[in-house]
Amino acid sequence: MPIKIAPSILSSDFADLKSELKKLEVAGADLVHIDVMDGNFVDNITIGAPVVSSLRKNSKLFFDVHLMVIHPEKHIERFVQSGADNITVHAEATYHLDALISRIKSFGKKASVALNPATPIYMIENVLEIVDMVLIMTVNPGYGGQKLIPYTLKKIERLANFREKEGLTFEIEVDGGINEDTIVDCVKAGADVIVAGSYVFDSGDVSKAVEKLKSKVRGLR
Ligand SMILES: O=C(CO)[C@@H](O)[C@H](O)COP(=O)(O)O
């Protein structure tokens, strides 16, 4: 399975999102990672469904929507209608994870679950057979430009081992502090989908940055 690169628009120019998405298409990004933050689950406030709808009219990229909001169950229909392809909810943010995953899937969307660094994998063990992807946060969510927390690599490895042992098929996504060095560690640990924000958008050349990340992990798996 080739490694997928998912640039996060959190570090892009919010005043010019349409052209930022165009750059990602030209660069051959596999997905675009859209960080929705509510100022409660995390400190920051970013964008909501109306912005995602406008972006949808301007891009054919796969929209990987990461809801960093409390009670994500209140917002699912809005993000489904906005054109999200995948919706990721945090296990820490909802009481009824199984029902929520099933509801997202009932709309024909991919459904994924995210874990903060300190949340153990066993919290989501029972839903691993119904999710499309697990997002392991490699930093505490809320901000771009942080350093990857080293112990999260062991978490990725444990999850990948569990997936293999149980014959499951969900993808493993990682998010936070990814650069040309940490991407190698994450992929070796078992990650399949790599979110990178500041590395891609602060580089000055989005295409070169995406290609650099891809080249670092080509042939590793
Ligand atoms: O969800 C988040 C932050 O909470 C991310 O998606 C960031 O956008 C990652 O940024 P970098 O660490 O790659 O700069």
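The backbone N, Cα and C atoms fix where each Cβ goes, and this holds for glycine too.
Predicted automatically and left uncurated, TrEMBL annotations should be read as such.
Taken verbatim from TrEMBL:
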- Ser8, His66, Gly142, Tyr143, Gly144, Gly145, Asp175, Gly176, Gly177, Gly197, Ser198: substrate binding site (BINDING)
- His33, Asp35, His66, Asp175: divalent metal cation binding site (BINDING)
- Asp35: active site, proton acceptor (ACT_SITE)
- Asp175: active site, proton donor (ACT_SITE)
(message) If you compare CA-to-CA distances from Gly142 (substrate binding site) to each of the binding-site residues His33, Asp35, His66, which comes out shortest?
(response) Asp35
(request) Determine the Cβ neighbour count for His33 (divalent metal cation binding site): the number of other Cβ atoms within 10 Å of its Cβ. (result) 27
(request) Express the distance between the Cα positions of His66 (divalent metal cation binding site) and Gly144 (substrate binding site) as a whole number of Å. (result) 14
(message) Around the divalent metal cation site formed by His33, Asp35, His66, Asp175, which additional residues qualify by having Cβ within 8 Å of the site's Cβ center?
(response) Ala6, Ser8, Leu10, Ile34, Asp64, Met68, Thr88, Leu135, Val195, Gly197
(message) Which one is it: of the binding-site residues Asp35, Asp175, which Cβ has the fewest other Cβ atoms within 10 Å in this structure?
(response) Asp35
(request) Please work out the number of neighbouring Cβ atoms within 10 Å of the Cβ of Ser8 (substrate binding site), leaving out its own Cβ. (result) 24
(request) Specify the count of other C-beta atoms within 10 Å of the C-beta of Gly144 (substrate binding site). (result) 20
